Amino acid sequence: MAKKSKIARNDRRRETVERYAARRAELKEVIRRPGTPEPERNRAVEELRRQPRDASATRVRNRDSVDGRPRGYLRRFGLSRVRMREQAHAGFLPGVTTSSW
């Protein structure tokens, strides 16, 4: 089980990313576009720099939805490998079967 403070911090980061996502995309497009005048590009870079660090999507960590474990995350299930194995053996994941060959 991950610390509750780590899980809460990650949740706050997700909210911050969601809040700033549209404006960040606009600014990045202005910066990326080759025809943008230099002063406008500089203003966009400066505004992007003034945004909070946690507004960047790379700051969000994928965590197990059950206990918040940060490692071994499987996107398809939203679980860590440990929790996925437990739930698969218990039959809680429809369509998941143990392999045999």
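Note that Cβ sites are derived from N, Cα and C of the backbone, with glycine treated the same way.
Not measured: the values here are computed from a predicted model.
Here Swiss-Prot flags 32-71 as region 'Disordered'.
Only residues 6 or more beyond the boundaries of the compositional bias 'Basic and acidic residues' (38-53), in the same chain, are considered here, and those with a CB under 8 A from a CB of the stretch are 16, 20, 23-24, 27-28, 30-31, 59. Under the heading compositional bias 'Basic and acidic residues', Swiss-Prot lists 38-53 (among others).
Residue counts of the compositional bias 'Basic and acidic residues' (61-70) by helix, strand and coil are 0 helix, 0 strand, 10 coil (DSSP-based). Annotation comment: Swiss-Prot describes 61-70 (among others) as compositional bias 'Basic and acidic residues'.
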